[in-house]
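Below is one structure; the comments refer to it alone.
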Amino acid sequence: MALGMPTLMKRSAPKALEMSFDVVKGISNKWSEPQTDAAGSPSPHHDTPLENMGYYYQVSVSIGSPPQPFALSLDTGSSDLWVPSPNNNECLSPLFTSRGGSCGQTNNVFNRMISSTFSLINEYFFISYGDSTSAYGLWGKDTLNFNGLTLTDYTFGVASGTTSTTNVFGIGLKGLQASNDAIPGHPEAPRFTYSNLPYRLAEEGYINTPSYSLYLDSLEATSGTIIFGGVDASKIQSPITLHPLINFHPENHPDPVSFFITLDSVDLVGGVPLNVLEVTSAALLDSGATLTFLPPSAYATLADRFQVKQDTKTGYRVASCSSGSVGEYLEYSFQGSKIRVPISSLLDPIKKQDGSAVISPDGIPMCRFLVAPNADDETGTSNIILGDSFLRSAYVVYDLENFQLGLAQAATYSNGASSLVSAIDQNGIPGSQQPPSSKTWQANSPMPTFHGYVPPQVDLLW
């Protein structure tokens, strides 16, 4: 199973499209934006290099006529779909061939010459990331198919060069599309905006508004669910509260371009209480990031409590798999609304190739600690990125039309409970309410700065 059969009700009430996706553990060039710009504000079109050896969310689609199949990484933190062409330098790499690929064949490579429905936009496609990975080529349009649903003339990038090992299906806001950016070396290249998947589904009447809800389930889960245009009440344990997106650059963008919301605080609760972060900040929710990235000072507080070390061989931040007591949580406060993340869900057991546990020099089974520090080396400003290790505990509704997120405590280990899907419409997100506080982090607020943190080292026994 990669992309499950959709529960689809087109042009009839309720309008919602429910799909499952595979949780894949492996090597993934996934990223999260943004970096800070010269003024210390997050720049919406560039990415911070992240430690993302871990999980990604795989969907299966086909493009073209006849259809050419692809496995793509679903990403809320970017907004473009792109795939490599047969002459792509990546298809010559050992990593590609080790996955069974062969240049010119149909293993995640798009050959536009054999598609009768492909049309070339003939504009440069380029996207780059802070970890020096990039993709470039041309924009095109073709038929996009997934499980019986067809969208004609879908805009996507055809990459003739990339250093990424995964192809991305970005479903974020229009303002984050790579087509909005200037092209290095081609200042004359026009910029444009197009309708990506959530907008196309709304425009063609499959859903009422460009929106979707994301449910990742527990760390042990092998699949998750995305519902375009709807929410599933069986997957939540608390009311959905609404949080406006932050627009960092209103002078350049009339609307927000990324899923940043106001984070009030982070506390360790359920055991010996500990304040981890008490500075009101902007936090990005991004399924394209495996880890949660906190300011170095906040990370150091957690690392000290759970005796986190850094493995000298892999660079992994590791802790004993028995760290933390039962019932101990990280509690995130968003305008007074709480999301609790069990400490146990932040500890991912490390396995050798033969499936046995990786242990410390004193014989203790070790886990990867799914929180990491993040700060700009020059300015000291920190971008808080709440990746998968946070999102597994949250049910998130992405309302692209009204530039807001809905948050609720997720019901993990749902064990196949019957879905209770309601459509999102002009009346808003079903069952939603305002958070206790209306105070939000403003774009003109100073970005907090934090000092770096150097973790103690350990030589794990691999």
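Note that Cβ sites are derived from N, Cα and C of the backbone, with glycine treated the same way.
For the domain 'Peptidase A1' (57-408), the predicted model reports an average pLDDT of 87. Taken from TrEMBL, the feature domain 'Peptidase A1' covers 57-408.
Annotated active site per TrEMBL: ASP75 (among others), in sequence order.
Annotated disulfide bond per TrEMBL: CYS91-CYS103, in sequence order.
The number of other CB atoms found within 10 A of the CB of ASP286 (active site), across every protein chain shown, is 28. As annotated by TrEMBL, active site applies to ASP286 (among others).
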- When you measure from the Cβ of ASP75 (active site), how many other Cβ atoms are you left with inside 10 Å? 24
- As a whole number of Å, the Cα atom of ASP286 (active site) is distant from the Cα atom of ASP75 (active site) by 7
